């Protein structure tokens, strides 16, 4: 029976090997050459991509070059084959122990079958690796180091090594020593190298990076310290330290300085265990272990994030802590990796079960210059922490104050503007031109006033409304009224050009009003409505973090940015035309006349700039990478106070409105005096005496 079983096993192994050769021959026959023209073997890559027509959303695969096993998957995108997955691996359980005798390798034969025979989508199983390590290197795992560190960090090899570390963490964690921790970290350091970062994206299993972090934390938890303080690991891409602590210990700190590569300066990170937390420890001694990862933040994939297109780049070290029971809160200090701009810092913890950054695990207690301090809650599910940055927004207290104060003044100014217009309306709209001009001013003020109100509502309530249809309504009305503001400014610019170019022939007032309302409210309604209809079914109308137009997935924000920037550009041309026509050069003009012309041009430009929305042009500078904070402050100042500018240049500086206000005030004073005189007449006096 034993001989028959042995023969059956050998036959199955022979068939598997023959099957693998047969599949390789099929791929070669299809035109997939696995060698360079010079005859040298390639390392984990193929010479040609998939042949045949590239149909959108279609997939194909190519075998890896020898000595790698596995496949490289391609997806057709924009009529080109682009690499999507890779399982090329040169590692196996057998190669890990190839330098040992054949007796050690026999029990591992079942695990040495090439990976593409077993499963093209996953790395080779390493279930029996624990047996090989116990037999060949039970003290420090040194027997696998040379093979792992000499292997190329392909996507398949990375996945194999992560699975290897995961199995060591679960099967060999009964007696973890400092030597084992060092060997374990050397293996992890090999796939955390900056040169390997790009290959992580092609691993089919998107949980691989999270599995690595969880495996390292699990293995470090089983380590037992013998000294008061130990530097456990000092690799380039992973560092670990340990401390002996008890309830009488004062505040303890872990200080790290890790580099992104061998040429850059170290990024600082610090972990503090508050004294009040240490008081919760039992009398017997405990230990705390901390681990720093400089590159893991770039590698970690938030697989279960609802909107995976939302970029959440990590801007500091990833710091893990393994603490005893009773410790719940830890203080972290992170130095920002990206120091080129003041990006918003958000303290987060990695939730190992949800496999994403948890914003509720930490709170930002201090942010000064390039450092951020976080207070985080430590649990068995959240043991690793870092900071995220928002590359598309600037969060600065100065901008917050400017926006808050500016919007308040703008809303008050716009309300006052509408009151003034209502008070003097009958006195200033005596001609068709003045009537249409004041209609534009009123609608510009109304649109900006309502848009500012919606902006305040969005800022205060978007987190509550984000999960309901209210967020759609908030976004739609904000979009509509801001567009109305720009289109009414555009219509006013058309009126200015019309007044300059057309002198003798005038359009009827009713026709002009129809065109004005069609441009001012009709065009925004079409644009905003179309944006909703196209993007809401795909759930790409709003941003995941705010009630405003989406940018990352559907580019819905272009439905606001493009019309606004085009109108600003057109209105700029109008201002230049007005400036040219204002200048009336004459032969032999004096310097005083030239100065008067310059003053007149400057006044017209100053008046038209806020009325035609040219201040929004500064927003282009804020969209560029690395823009200085001063541009954001200028943009916030000019646009937060736009309502005040409309009141000043559109209403108060208009001499006709000022004259009408004086007449209005004079008539009110006259009425009050007449009423006072009537009350003091002899007839009224006698009535008062009789009473």
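Cβ coordinates are placed from backbone N, Cα and C, and glycine is handled just like the others.
Computed from a predicted structure; not experimentally measured.
Which of 435-457, 665-687 counts as transmembrane segment depends on TrEMBL, and there it is 435-457. Here the transmembrane segment (512-536) has long-range neighbours at 432, 436, 439-440, 443, 447, 472, 476, 479-481, 483-484, 487-488, 490-491, 494-495, 549-550, 554, 556, 559, 563, meaning same-chain residues at least 6 beyond its ends whose C-beta is under 8 angstroms from one of its own. Counted with DSSP, the domain 'GAIN-B' (246-395) comes out as 11 helix, 74 strand, 65 coil.
Averaged across the domain 'G-protein coupled receptors family 2 profile 2' (399-654), pLDDT for the predicted model comes to 80. When Cβ-Cβ distances under 8 Å to the transmembrane segment (630-653) are tallied for each of 398-423, 435-457, 477-505, the top count falls to 398-423. Only residues 6 or more beyond the boundaries of the transmembrane segment (435-457), in the same chain, are considered here, and those with a CB under 8 A from a CB of the stretch are 407, 410-411, 414-415, 417-418, 421, 425, 428-429, 474, 477-478, 481-482, 484-485, 488-489, 491-492, 495, 509, 512-513, 516, 520, 611, 642-643, 646, 650-651.
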